[in-house]
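Taken from TrEMBL as is:
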DOMAIN    A:37-239  domain 'Cytochrome b561'
TRANSMEM  A:31-51  transmembrane segment
TRANSMEM  A:71-92  transmembrane segment
TRANSMEM  A:104-125  transmembrane segment
TRANSMEM  A:145-164  transmembrane segment
TRANSMEM  A:176-198  transmembrane segment
TRANSMEM  A:218-238  transmembrane segment
There are 2 protein chains.
Amino acid sequence: MLDSRTSSAEQTLGYSAIMDETAPRPGRSMFAWLVGASQLLGVASVVLTGVWMGHYRGGFAWDGSGREFNVHPLCMVLGLVFLQGDAILVYRVFRHEAKRNVKVLHGIIHLLALIISIVGIVAVFDFHRASKTPDMYTLHSWCGMATLLLFIIQWVMGLLFFLFPVASSWLRASYLPIHVFCGLVLLVMAIGSSLLGITEKLLFSIMPTYSQFAPEGVLANTLGILLVGFGVLLGYLITKEEFRRPPNPEEEALSVHFKTLTEGGSPTSP
Amino acid sequence: MLDSRTSSAEQTLGYSAIMDETAPRPGRSMFAWLVGASQLLGVASVVLTGVWMGHYRGGFAWDGSGREFNVHPLCMVLGLVFLQGDAILVYRVFRHEAKRNVKVLHGIIHLLALIISIVGIVAVFDFHRASKTPDMYTLHSWCGMATLLLFIIQWVMGLLFFLFPVASSWLRASYLPIHVFCGLVLLVMAIGSSLLGITEKLLFSIMPTYSQFAPEGVLANTLGILLVGFGVLLGYLITKEEFRRPPNPEEEALSVHFKTLTEGGSPTSP
């Protein structure tokens, strides 16, 4: 556990480089396997969504047709599930890197997730407008919209609290556990909304053949199971104490780029 | 915090009865409000499911008709969501009671949840058989069946590991965090499966009027949102450190009814 306790100051100066290579790392290989499996599930989910929309639903376009709708599932699975999940995961994968860098990476991946999700939302509303389909009447739309709106609030709050020194240390420390909890809730809500979207799309498109185990139905169901698997693995990796960022008082005290040294409290590591 | 650290031996002997009434209880009122809100959401979900099936879908019967199907959602929301959630919650609500009693209560509520869920599953398969509807082709059925099977495994494992002294202390201590994590995953999966079931039922039954915001659709969507709220509150109550059962080495050492004193390890409190 020695390497995990190494201070950021030492890391910055490279003192711990050799120790990192030689010290025993309990649970490290398990962690690597789980992260690898989660990435496999995440990428497979995005690919399967692409195959479903590309092969079975006629491909992609931006012309108000069903092919514009097809942009929606791909963007949401890529942005609000895969990228949102990985933005959270960087705190575990890079838990021995300088916190500032990880924080910036966390914010950038979330920004990417946000932009892609907004493109996905615009695609479906644009398709509804062109095809005169009513908006926001299904449970999928209610859950999905709630997820996106809360995701935007969470992102803006995260930016104000943790990337720009607007809030006091005490406020940051109080908000951190809420931010972390809401992040996991949002990931679960995004996955749940995706599953609702899959069910909706299948019943709108292939209701007569779905019950005969049409390949498209089986593929979309499999996509749903992969998304659940991604969520379960992410949930495990994020909540397991052993994989958390080790507390580092020295780093907290040195992190002048986020807060002034005159302030009292110090936010704990997420 | 004094009362929360009081040992089980003291509690058993009634030494802490007066202290419990007078000592300050930080976070206690917040906890009570959250538990109250969760119960309100849980009961409202069960009632709304009953109203949906009872009022809009023709009521309940056991005759192979759609009224037998109606037993399914009611049983699943009551058993696999509400009771499963509350079975987990007893560890927080009764965190100052003797662990053995809480454990037994946890097992009994889960057993009740299991029986009710099995009735719910039998109802839908029986309805499918009578109406010649194919089984297990939707994402709802895949997720729901996976949830129920994993719930049964989780219940049997819990029984063997924690209620009967089959496993060693070391094994129990290793399994406990997995049991706790899987419990929360199963609750989330049960809620997710319910949402899928709501979407499926609405698209099978009222697709033409759903898009015109038919009262039945709005009611069922609201049910979905209540279930999400129940899940979020339960998730918060279960994972928040402050609400956890305080560690009690004396109780662990005294809990001879669960393990022999000759064994080495000691499972930590869930």
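Cβ coordinates are placed from backbone N, Cα and C, and glycine is handled just like the others.
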What stretch in A:71-92, A:104-125, A:145-164, A:176-198, A:218-238 has the biggest tally of Cβ pairs under 8 Å against the transmembrane segment (A:31-51)? A:218-238
Intrachain neighbours beyond the transmembrane segment (A:104-125), with Cβ under 8 angstroms and 6 or more residues off its ends: 62, 68-69, 71-76, 78-80, 83-84, 86-88, 90-91, 94, 135, 148, 151-152, 155, 158-159, 163
Mean pLDDT over the domain 'Cytochrome b561' (A:37-239): what is the value? 97
